[in-house]
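Q: Structure below; questions to follow.
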Amino acid sequence: MISRTLETRFESLSVNDNKNDPSDGKTTYLKSKTIASLSTQLSQSSNQSNYLLKVALENNSNSPLRKPAADSARSKGSEESADASKNSYPTSKAPPATPKQFHLGMFEIGRPLGKGKFGRVYLARERKSGFVCALKVLYKNEIRKGGVETQVRREIEIQSNLRHPNILQLYGHFHDSKRIFLILEFAGKGELYKHLTREERFPEWKAAQYIAQMAQALQFCHKKHVIHRDIKPENILVGTHGELKIADFGWSVHTPSNRRQTMCGTLDYLPPEIVRQQWYSAKVDLWSLGVLMYEFLVGRAPFEDSVVLTHRRIVRCEYDVPNFVSREAKDLIAKLLVVSPEMRISLEELQEHPWIVKYCIDGERASMRKSKKTSGKCSSDSPSNQMISGVSE
Ligand code: AMP
């Protein structure tokens, strides 16, 4: 199974090839006015949006991430044996119950939302329900050339089975001969990285609420034996209500054994155990959360330096926190950036830390937000309907 080409893997999934879809040729580009009203509709209407979710739920009913207990009986140790994607679609005996089939003709395509290394992301609307989503188009030959078949498979298998307000939802996927299409939740406020660059650094109340949301999302992942392994601002999007959405699961892994030894992720955010190529566990995400918290408050990563020096500073845990950072925030950073993984604060303890409690539970903003019933426990901005303008091809 591992040696099967990407094409073959996707052929084994129950998807429609858009070549066969008579409505494919009718794909149109949304006009700006239409999409602006769609965006409002997205934030107001939950009924219509249920359609894609229902379809996605039907399609994912056989996922191994829904049955962690059964998974833990599977072989442990090697990377591929622990990979969720390997077990997701039974090959012969028990095919998934006839899934609903997605195809390109089901969508109207709007403005480009962004460009990644292997494709583009467009605003899209499902014709039947009017549901607004993001359609990520990946080119199979580029994925093959880049040797990232495994990452793409992981992104699809893992992300489509994690349903949490702070995790970008993957509703489904389909393909044609050249492309793979991922139907994603639309994150109305774009990349967190851009917000951080614009603001230079976040005020403590906002950083605390963001960290609390990340902690809740990671707690949910870890309970399902998923380690993210690549937490950084570039992999986080911001939803319409200002809530964070972990978006990139390309480096994540489903690991019932809870122990791994692959070097991955971005150097600035890597914990000492990965830099040293030792065995590691879900605690890697706690270290990265510490780096993220530091970057939110200071505006740069704590170990940023030349490659050699970053490496050295990480394994020695050498960093300085500027004086403008509060004592409570420094204390939490120090509890996350601990060389010994077992000594790092847990996600449960983090959520009870005085710095988090101050801004997410006791804080005036938090109580205001509670009454407004936003999606996460804590969110960062006042809810607003985002209007999108200037839609064009
Ligand atoms: P990616 O290929 O996933 O790195 O996506 C490229 C860019 O498209 C991102 O940096 C975002 O600006 C944008 N983007 C991706 N997914 C979404 C989404 N679900 N909602 C809004 N914008 C997105």
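First residue shown is number 1, and so on along the chain.
Backbone N, Cα and C atoms are what each Cβ position is placed from, and that goes for glycine too.
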Q: Which one of 4-29, 368-393 shows up in TrEMBL as region 'Disordered'?
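A: Residues 368-393 are the ones TrEMBL records as region 'Disordered'.
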Q: Mean pLDDT, the domain 'Protein kinase' (107-356)?
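A: PLDDT averaged over the stretch: 90.
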Q: So of Glu185, Glu234, which of the binding-site residues has the fewest other Cβ atoms within 10 Å around its own Cβ?
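A: Lowest Cβ count within 10 Å among the binding-site residues (Glu185, Glu234) is Glu234.
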Q: Quick one: which of the recorded positions (Phe186, Ala187, Lys232, Glu234, Asn235) have their CB closer than 6 Å to ligand 1?
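A: The ones that qualify, in sequence order, are Phe186, Ala187.
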Q: Given a separation of at least six residues and a C-beta threshold under 8 Å, show me what packs close to Lys117 (ATP binding site) in the same chain.
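A: Same-chain residues close to Lys117 (ATP binding site) (Cβ under 8 Å, separated by 6 or more) are Glu142, Gly146.
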Q: Would you kindly give the Cα-Cα distance separating Lys232 (SUMO2 cross-link) and Phe186 (ATP binding site), rounded to the nearest Å?
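A: Taking the Cα atoms only, Phe186 (ATP binding site) lies 19 Å from Lys232 (SUMO2 cross-link).
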